[in-house]
Amino acid sequence: MECVELVAYQRTTVILSELVLGAVLLRFIRGAVDPPTQRIISASLFLHPGFLIVDHIHFQYNGFMFGILLWSILMARNGNKLASGILFAVLLNFKHIYMYLAPAYFIYLLRSYCFSPSGKLEIKNFLSLANSVIAVFILSFGPFILMGQIPQILSRLFPFTRGLNHAYWAPNAWALVTAADRVLLKYITRTGANVVINSSGVVSTSRGLVGDTVFAVLPNIKPAHTFAITVVFQSVALVKLWFSPTYKSFLTALTLCGYASYLFGWHVHEKAILLVLVPLSLLAAERHAYFRTFILASVAGVFSLFPLIFTPGESMVKVIYSVLWIIFVYVPLTRRVYEYPKSLSFVIIDTLEKIYLAGFPLLQLVVTLLPIYASRRAEATAPICVQSDDFTCPEPDPQSVAAPSSAMEFLPLMLTSVYCAIGLAWAFCRLMYVYLNEQTYQGPLNRI
Amino acid sequence: MEELSALPPEIPRNSPVRVRTISVNSMRSLRSVAPAFARLPTEHERPEILAPTPRQPLGPNRQLLEHSAQQWVQSLGSPSSSRPVSPISPTRRLASLAEESQHVKAPTPLSASMIPEEPLPPREREQEHAMARRWVRWMHKRGVKSWVLPTALLASTCVKLAVGLGSYSGEATPPMFGDYEAQRHWMELSIHLPFSRWYTYDLQYWGLDYPPLTAYVSWLCGLAAHWINPSWVALDHSRGIESVGSKVFMRSTVLFFDALVYVPALFYFTRTWQATRSKRSQNLALLTLLFQPALLLVDFGHFQYNSVMLGFTLLALNAFAFEADIIGAIFFVLSLGFKQMALYYAPAIGGYLLAKCLYLGSTHGGKLFVQLALTTSLSFLVLFLPFLPPFAPLSAILDPITRIFPFARGLFEDKVANFWCATNVAFKWKNWASTEVLIKLSAALTALGFLPNVLISLRVAWQTQLRAGQPRPAGHTLFLPLLPYMLLSSSMSFFLFSFQVHEKTILLPLLPITLLLSNAALDSTVFGWGVLANNIAVFSMWPLLKRDGLGVQYVALLVLWNRLLGYNPLRLPALSFIQILSVALLVPAPARYPDIFPVLNVLISTPVFGLVWIWSIKCGVEASWALDSLGVATPRPARTSISINEEPSTTHGTKPASIGPSQGRKRAPFPSEEK
């Protein structure tokens with residue numbers, strides 16, 4: 001079903017639903033610690049290239065969902081924690097991917113709303129929060145409970161039967177592991193080392209299909225493993241949150257929760273990076289440490305979304321738009337938060353990060369040129385005819401020209417995925433380190 | 001946006017008013033506040049001193065600096081007033097210092113938002129609606145003004161690409177398709193056929209009917225296309241090819257030549273013709289020009305290469321402003337060689353160059369005249385070289401000529417908002433006169449249209465003519481500012497009265513009027529006419545754009561450009577009916593009168609274009625009156641006042657001052673037509 005009117009209608013609904021996001025972001029400016037800075041951050045979120053790529057070109061309603069998430073965060077900032085909890089419950093019922101963030105909400109609301117600062121349980125608060133959240137869920141699932149559809153819904157919502165990686169590897173830890181497996185396989189087959197090779201893994205590993213990923217050399221990963229690793233990383237952040245349940249600490253823990261799920265989750269889609277980037281943006285102007293983490297994660301995250309848009313015309317738009325966006329975020333904010341690196345190790349890290357960021361234009365160039373190169377090489381094998389004055393060659397069949405080898409087709413995606421995964425994993429470590437040493441990274445948000 | 005309003009709207013560099021208000025005392029008191037600020041006066045631009053934009057994080061002193069600088073700026077009032085500067089009170093300075101020392105650890109906030117700000121006078125609040133102005137000011141205030149230019153260029157590229165995502169002229173309408181297919185077809189035939197057959201091959205299917213430079217450009221594009229994918233430009237087999245790849249390729253060729261010719265031309269225009277204006281207003285002018293909706297819609301939506309032709313003409317104008325008349329003439333020949341539509345400008349350019357020769361006196365002027373004649377004919381010869389002996393028989397030159405000037409077609413094509421089509425509603429010209437008579441009539445009317453301004457410039461040149469032995473004064477000639485008006489009246493009279501006009505040719509009159517507009521103050525007459533003409537021009541192309549399926553782009557670009565300029569059509573009662581009508585055009589026409597909307601469109605647009613034409617002549621006449629009193633009595637009084645602070649340029653002997661209307665600035669070369 002595809003017609004112009006339907007497309008126009010669907011796209012219009014996306015734009016209209018995004019008004020929620022705009023309204024919430026405007027509310028964020030009011031009452032912010034530093035409104036001009038918050039204005040930049042709000043504008044950057046509203047015009048986020050992630051939303052442009054995922055919502056307006058790819059088609060989803062993320063702007064609307066993140067509007068609700070930000071509304072919930074805003075309520076937390078303003079001290080209205082009950083409303084924050086209810087809004088998050090509503091959000092969970094719109095899209096269950098926000099489960100990634102649920103642990104941070106749970107700990108934060110439990111500690112700061114249901115317990116008094118001295119550690120005493122506040123029964124009234126606890127009951128009101130629990131009842132309202134349960135009410136939201138009953139409203140949402142009620143009709144399906146009555147019809148007995150719950151098992152069907154759950155199996156649709158949590159598809160553990162799919163593989164470890166998504167078709168295009170989302171740039172997380174598993175992408176790195178899979179790439180390492182590929183490299184090891186190459187190395188072993190070349191040197192002939194005496195290592196057991198899983199023969200089904202040789203042909204597996206993402207030929208662009210949604211299916212099981214089987215490693216050739218490394219031990220295989222089961223859903224339980226990914227779950228355990230995620231929980232371990234999340235609990236580090238959550239313990240810290242329990243002991244300092246402030247707004248800024250909550251924001252950081254929220255980001256880290258989403259981040260851990262993204263990096264170590266089972267069958268993560270690359271779109272989930274928005275779950276990390278949106279709360280992280282709110283922290284961007286805190287200190288240079290936060291800002292640099294934000295820039296690294298944003299550049300790598302947005303770049304990792306590029307393969308979602310593959311038609312050449314739209315590709316140019318997405319690249320230029322993202323470049324514009326990063327300029328408008330980076331240039332005004334960096335002047336505000338810049339700090340000189342204080343020790344040698346910081347200087348080295350700073351330089352390495354800059355080199356990493358400078359690699360992205362190069363990567364884009366490679367990703368653009370590789371398919372052209374591949375198609376031209378395929379063409380070179382075709383017969384060549386000499387052109388005379390008034391005579392033209394018979395044109396080659398377009399079908400044969402437009403069929404580069406599948407290895408060449410997958411290589412740009414793999415490169416993108418691995419390069420972005422390095423940056424995202426490093427940004428995660430950075431943020432975790434900054435969070436655990438939060439007292440040395442005080443910023444304006446600490447005043448809330 | 002309270003923190004944006006702290007600065008005065010924008011101050012022209014070298015403005016005599018501004019110079020008067022900078023008092024030495026206030027500078028010294030500022031310097032004593034913080035040594036870091038003392039570095040700033042060495043910057044090349046004056047307004048930077050006024051703007052509270054320290055380059056480096058200044059630590060705790062920064063807010064104090066902003067505070068005092070803001071007070072200082074606010075005490076100046078609006079730039080047009082000349083109130084004396086009030087000294088900064090030392091007690092307040094100390095108070096703010098104490099306040100600042102509280103949070104040293106946290107980064108400094110971006111603006112001193114706690115400072116109470118005076119409410120703006122009404123006129124400045126009006127200007128807050130101009131998005132471009134606000135944005136440029138914001139960038140300057142954040143100290144990131146070096147990014148204004150690259151981001152503006154990137155943003156315009158992004159908009160152009162986004163417009164290009166839409167459909168083009170004649171998409172999926174076999175067998176003839178549209179302008180897109182014509183351009184693609186020329187690439188195809190130019191790379192596969194010898195020169196001699198370019199203008200003769202299968203004329204029924206989009207035969208080449210533009211001058212040779214278009215053909216050469218098509219040939220280059222065709223080579224590139226053939227290299228990437230030969231099936232895009234296969235002779236005869238590729239007719240009507242509509243693959244994704246070929247569309248992207250075609251769109252990117254437009255973008256490429258636009259970036260190669262038009263965008264640099266616009267950039268140099270703001271840097272030469274507006275040389276004495278501040279960087280800020282130059283960038284503002286560039287933004288206005290870059291996002292001009294009519295050209296974006298026709299070039300990147302409908303699909304044509306008009307920006308190349310306009311860009312060459314603009315380069316010619318820039319060369320004239322540099323007093324490089326020969327180079328300018330060559331550029332104009334290139335423009336003519338790209339599209340014969342540039343002939344609309346020819347009376348103005350020719351008139352200007354003739355006036356220049358006249359002005360220089362018999363010896364120098366005669367020399368220049370001979371040089372111009374030689375270079376012009378030589379460049380034409382080079383352009384047409386492949387169609388001339390010894391490369392081709394002499395008769396071959398007739399092929400391009402007959403293709404370029406098709407008098408065999410009718411008086412007007414489609415519905416075009418010019419005099420003939422509008423009057424045709426009541427008065428059927430074809431029944432009344434033969435084609436021969438009509439051609440003569442249209443030629444006479446056109447000449448009547450462009451002659452006044454040309455004659456005025458000749459008269460000014462005659463009056464200010466240099467005597468023998470008199471040294472050439474520095475700066476541009478007195479009649480150079482007349483050139484945009486000449487271009488406007490000449491191209492508009494061609495559009496209104498000439499033979500075989502297409503609705504897209506409104507782009508030609510739009511170029512000079514947008515150039516004038518880019519320099520104008522928000523409440524000046526020029527601004528009003530410029531925006532009106534642009535909006536009506538886009539509106540007059542609505543039937544064409546609707547056929548191309550560019551409705552969304554039409555609305556989006558109009559809104560964007562008007563927002564950028566701070567022009568709100570809905571607030572003007574005179575225009576609101578046009579807005580309503582454009583909405584009404586979305587409704588399908590009644591079956592009995594299928595042409596009712598296009599005809600209404602023509603009837604609305606034509607009077608506006610006619611008024612713009614009359615207005616341009618009026619401006620020329622006014623300018624000549626003003627010059628009468630100046631030019632005869634004292635040879636060049638205006639120039640000295642312009643170039644007071646102009647440092648001698650190293651590359652060129654003269655650096656032209658701002659040319660054109662500077663309404664509200666009170667320092668135009670000649671009195672403006674504001675009242």
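Any Cβ shown, glycine's included, is placed from N, Cα and C.
According to TrEMBL, the protein has these features:
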type	residues	note
TRANSMEM	A:12-30	transmembrane segment
TRANSMEM	A:50-74	transmembrane segment
TRANSMEM	A:86-106	transmembrane segment
TRANSMEM	A:126-146	transmembrane segment
TRANSMEM	A:249-268	transmembrane segment
TRANSMEM	A:289-310	transmembrane segment
TRANSMEM	A:316-334	transmembrane segment
TRANSMEM	A:410-429	transmembrane segment
Next on the checklist: What residues elsewhere in the chain lie close to the transmembrane segment (A:289-310), defined as a C-beta under 8 angstroms and at least 6 residues from its ends?
Outcome noted: 49-50, 53-54, 57-58, 168, 170-171, 270-271, 273-274, 276-277, 280-281, 283, 318-319, 322, 325-326, 329-330, 333-334, 337, 350, 353, 356-357, 360, 363-364, 367, 412-413, 416-417, 419-424, 426-427, 430-431, 434, 441, 443
Checklist entry - Does the transmembrane segment (A:86-106) come near the transmembrane segment (A:410-429), with 3+ Cβ pairs under 8 Å (pairs 6 or more apart)? => result no
Item to check | Long-range neighbours of the transmembrane segment (A:249-268), counting only residues six or more past its ends (CB under 8 A) | outcome: 73, 76, 99-105, 107-108, 112, 159-160, 162-166, 170, 172-174, 223, 226-227, 229-230, 233-234, 237-238, 240-241, 275-276, 279-280, 282-283, 424-425, 428, 431-432, 434-435, 438, 445
Checklist outcome for this item: Long-range Cβ contacts under 8 Å made by the transmembrane segment (A:126-146), restricted to residues 6 or more beyond its ends, are 81-82, 85-86, 89-90, 93, 109, 113-114, 153
